[in-house]
Amino acid sequence: MATSAPLRSLEEEVTCSICLDYLRDPVTIDCGHVFCRSCTTDVRPISGSRPVCPLCKKPFKKENIRPVWQLASLVENIERLKVDKGRQPGEVTREQQDAKLCERHREKLHYYCEDDGKLLCVMCRESREHRPHTAVLMEKAAQPHREKILNHLSTLRRDRDKIQGFQAKGEADILAALKKLQDQRQYIVAEFEQGHQFLREREEHLLEQLAKLEQELTEGREKFKSRGVGELARLALVISELEGKAQQPAAELMQDTRDFLNRYPRKKFWVGKPIARVVKKKTGEFSDKLLSLQRGLREFQGKLLRDLEYKTVSVTLDPQSASGYLQLSEDWKCVTYTSLYKSAYLHPQQFDCEPGVLGSKGFTWGKVYWEVEVEREGWSEDEEEGDEEEEGEEEEEEEEAGYGDGYDDWETDEDEESLGDEEEEEEEEEEEVLESCMVGVARDSMKRKGDLSLRPEDGVWALRLSSSGIWANTSPEAELFPALRPRRVGIALDYEGGTVTFTNAESQELIYTFTATFTRRLVPFLWLKWPGTRLLLRP
């Protein structure tokens, strides 16, 4: 009770006479009375004159209103005493925990000194050090910073929303991609199952045809065997009778010689065809089907492997590397050989002696594929004539019957002369082997000046093609397919695998594979010394 009376007395001293509450931001007017700043603004002037004090009724000027800092600090201390009345000694109040206190005066910090950038209590604000400085209420000083923080917070929230949106969209894209992969998995299984079913049906169909041909051949074999046995039995009977007749005495033999011989006239012995013409035609057609099957499966396997394993690339030629003997098209995908050297300026990257040219695009990794088309005047006509000759030979073979008359055909002098002419033509073709072209890959750092061997040790992996056949440009040179002239050569480069594979792009037939360890950039390589021939890059 002793301590509560002084506290109540102090509370009465710091109570505003207008709002009857603690003085908030206390100010004094001209008469000396003290009120809350907000309460003085509510005091209205009487009959248009200056406002008057609510206690003494003396007029005052609002511009003379001055803050009372010490009284504001006293109000805070009274409030703290009132709160700390039931607190144990040494216990820190919640307000002291939540609010920072002035280290010097242990008062609550209310102001912010804009000159020093420090937080001040009421006593620091009235001190000689900070009185001439500009000090504002801490909440007012914090407002611009709070607005900046709120603006930055708004930006961060927008960024967060964007990230969440991106994340949601990305998650949706991933789920869609996974769904697409699942659909593709089902598609692959279904397509391959359909392909397997189709191949199984074709297999069963071919095996049924084969079984029918086997049955027809077996039945024909029995007929052929039975006919032969009957013919042999007939001949054996005639031979036996004639042998007996030949052993008779002359007198007996001469009695009915004419009649006997008339009973057994000389007949041409039977020469039957072991395979009927119809069956032979069917077997030939079946063999053609198997060849078509083999060719189709090879082409399918080659194309599927190429499309799935290798990336088909479009390559062009580098005009700066082209020899003066070569002429490039405007799109740099076609090269033609000219016998005259047309380059007026020798570029440092240009081939000077060898009629070669490199590709403009190089490869240092991956599996890539492109094709080179060889256009040679007269090749198509020659091949068509060759196809017609082969068809004629097949027709002649089909027209041949059985065993004939039991004699073999021997070569005549004319045949020997024709063979000799063919040998002379082969020798002439060997002499013309210099007219050829090369297709393949090469290191972009290969030598380009002087005479070159153009072999793997020089950084070139290529095939040489001519009218006489195909050679692998190895050391020594390896002849691959004599007289084979592919119109399109496929080049498959597996950089990491260290292989360069050449195929017939039309039939997918393997021609040759180089193996090496690649460490430099590789580019397409063409070499052409063959008048009337063009090399075109595809696609």
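Sequential numbering from 1, following the chain as shown.
Placement of Cβ uses the backbone N, Cα and C atoms for every residue, glycine included.
Taken from Swiss-Prot, the feature Zn(2+) binding site covers Cys102, His105, Cys124, His130. What Swiss-Prot records for 188-227 is coiled coil. The annotation region 'Disordered' is assigned in Swiss-Prot to 376-437. Swiss-Prot lists 380-434 with the feature compositional bias 'Acidic residues'.
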Based on Cβ atoms within 10 Å, give me the single least packed residue among the binding-site residues His105, His130.
His105
Among Cys102, Cys124, the most crowded of the binding-site residues [Cβ within 10 Å]
Cys124
Mean per-residue pLDDT in the coiled coil (188-227) works out to 89
Starting from the Zn(2+) site formed by Cys102, His105, Cys124, His130, give every other residue of that chain whose CB sits within 8 Å of the mean position of their CB atoms, in sequence order.
Arg104, Glu107, Leu109, Leu120, Cys121, Val122, Met123, Arg125, Ser127
Could you say whether, by DSSP, Cys124 (Zn(2+) binding site) belongs to a helix, a strand or a coil region?
helix
